[in-house]
Amino acid sequence: MPPPAEEFAVDDLDEFESRLDSFLNRFHADDLRRILLPDPDGKLHFPLVIDFAELLEFDPEVAHQLYDYPKDVLELFDAAAQRALDKFDAAARRADKRKAGDEPMEKKFVHVRVNTSGSPLECPEASPSIGKVRVKHRGTLLTLKGTVIRSGGVKMIEGERKYQCRKCKCRFTVHPELEAGNRITLPASCKSKSAKGCGGANFQLIEDSITCHDYQEIKIQENIQLLGVGSIPRSMPIILMDDLVDIVKAGDDVVVTGRLSAKWSPDIKDVRSNLDPMLIANFVRRTNELKSDLDIPVEIINKFEEFWAASRATPLKGRNSILKGICPQIYGLFTVKLAVALTLIGGVQHVDASGTKVRGEPHMLLVGDPGTGKSQFLKFAAKLSNRSVITTGLGSTSAGLTVTAVKDGGEWMLEAGALVLADGGLCCIDEFDSMREHDRTTIHEAMEQQTISIAKAGLVTTLNTRTTVFGATNPKGQYDPNESLSVNTTLSGPLLSRFDIVLVLLDTKNKKWDKIVSSHILAENTEEKKGKTSDPEVMWTLSMLRRYIHYVKQHFKPVLTKEAERVISSYYQRQRQSGTRNAARTTVRMLESLIRLAQAHARLMFRNDVTKLDAIAAILCIESSMTTSAIVDTAGNALHSNFTENPDQECILKCDSIAYLSKNIKYLTDEISN
């Protein structure tokens, strides 16, 4: 067993407690008075959150003692908070401000919670990754970041018992040891504070002296994106008690501050017991709403604004400069790069009249021959997303994608799968065709309703999966353009209809295209190409793209204009009336997809209004998914789509094409003539 930390000791305990009282009275008097107010929920435990940075500035010595000996100092802090609470309560009673019958119940359990945000305790030494926690951290105040992968049920455990010595009648309190499975160990002799001591070893339990607490165990795992290739993400069990229980669920991103301890592994015959590390939580902060750790400086935002100010005359040319930063090692594939950008940016989630949430995250599927760059797009998209999970269809089961029920210590718990862990981010599934049909059907609800309903091992619950699904698959055998997409991919119609964009990449013979691509690949490895840094696309590096995508998602909530609404409505009506329409694709989901993609394009163009241009861009993405199209030359095969020299002029020609196809709808014809 590792050597225990030195015991907590101060020269003058009374003086130390008075310093704690001074801190609470100065900074948290209003919080304590608020706790005294009548509570409609009838809670027994009340948190009092203090700021470690504030404490460090007020009294550095107390702050250092709190870091070195959190268990002892937090007990003194709780006692100080209770004294202050009693003092304020007595003052209120003397002032006679309460009406008769308005007496609140006695509030005996106040817990001081330490928030280390913005303090020196966010340094790597006091806030290491889970995989770097060592014995030297034992007993200290530690802050860990991770994702909840397992959440146990709420239990009730004993918090303390009071005993009385049969010899001298001295009363004392005994606390259970969490490290030893909540076992209570009586002292060897009486704890009498008399000079001689009675030496008694026979104790009697005082009736009605047992205090119970809520108790929950969760497990958090370190962020996969921060690990190198081949590294296994480590996990750490966390103990939550009292007001901290049941505030997080599987899939949540959390920051946990607590005391690092250890517990004995379960007793198994002929197996050596070991000490497993665990964190006894003092404060838990959910960071789901703050998923991005990107700190975007004002200078970068000014660069974005200057870029679009310079591109005001030719906005589509500016958009293409951004798109060229996506997978720059792959030549061309304009349609795919545009689709990737729109998928990552996404639309705006809204609630319809019936109260049902309509998702804003689009889904995308790449269907293509081997060697067409599908996996490279998946990996690059994962790098652009602030939170992502990459998996393959062959190595994924329905439980691994959704939620697994695992048994731990005689109790069933839920362990989050890939879609739950990617909540608020991106889930990339390569080799989509390798998944079993049963496993594919389990993600239907996750893709459309963005939840997963679970009924396993007596556990019935619903978890959020607000994630974008980006899949890649190979066609079944030789791709046949005359057959439907469902036949070529062996994917069911209901699953295909959930993908907003389905792009087909066919490696067909094209002498001109092969020559251009080979020249591009060879030029990438020449000294002349390596020395060039004057390209306008150099601005859009991976880091800059991540910041741009995050910024436009947070600051732009585009709304459809009348022109965009009419364009989308006209196109949808024509698709529904077409005699050669694909029934699996031309559903109401197609209309919702058009709206999402148009909103995403408006965000990409740094706007809050969805214009006719955005609607046309969304239509072009949808048309590229079709087997045949009179609007897009590369329909049925997005591999040979390239960036044009004059995209703004090209857009006018596309408008003509869309108007021609929808000539039976008067509005579009009038728009083009104007």
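Cβ from N, Cα, C; glycine included.
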In Swiss-Prot, which of the ranges 165-198, 199-232, 641-674 has the zinc finger annotation?
165-198
Stated Swiss-Prot location of motif 'Arginine finger', expressed as one of 25-28, 273-276, 441-444, 497-500
497-500
Cβ-based neighbourhood (8 Å from the centroid) of the ATP site, residues Gly368, Asp369, Pro370, Gly371, Thr372, Gly373, Lys374, Ser375 excluded
Leu366, Ala472, Asn474, Leu505, Asp507
Please list the DSSP helix, strand and coil residue counts for the zinc finger (165-198).
3 helix, 7 strand, 24 coil
In the same chain, which residue numbers or ranges, 6 or more beyond the ends of the motif 'Arginine finger' (497-500), come under 8 angstroms Cβ to Cβ?
343, 362-365, 444, 447-448, 469, 471, 584-585, 587, 589-590, 593, 596-597
Across the motif 'Arginine finger' (497-500), what does the mean pLDDT come to, as a whole number?
85
Among the binding-site residues Thr372, Ser375, which residue has its Cβ surrounded by the fewest other Cβ atoms within 10 Å?
Ser375
Using a Cβ-Cβ cut-off under 8 angstroms and a sequence gap of six or more, which residues of the chain neighbour Gly373 (ATP binding site)?
Cys327, Ile330, Leu333, Val336, Leu505
Three states by DSSP: which one describes Ser375 (ATP binding site)?
helix
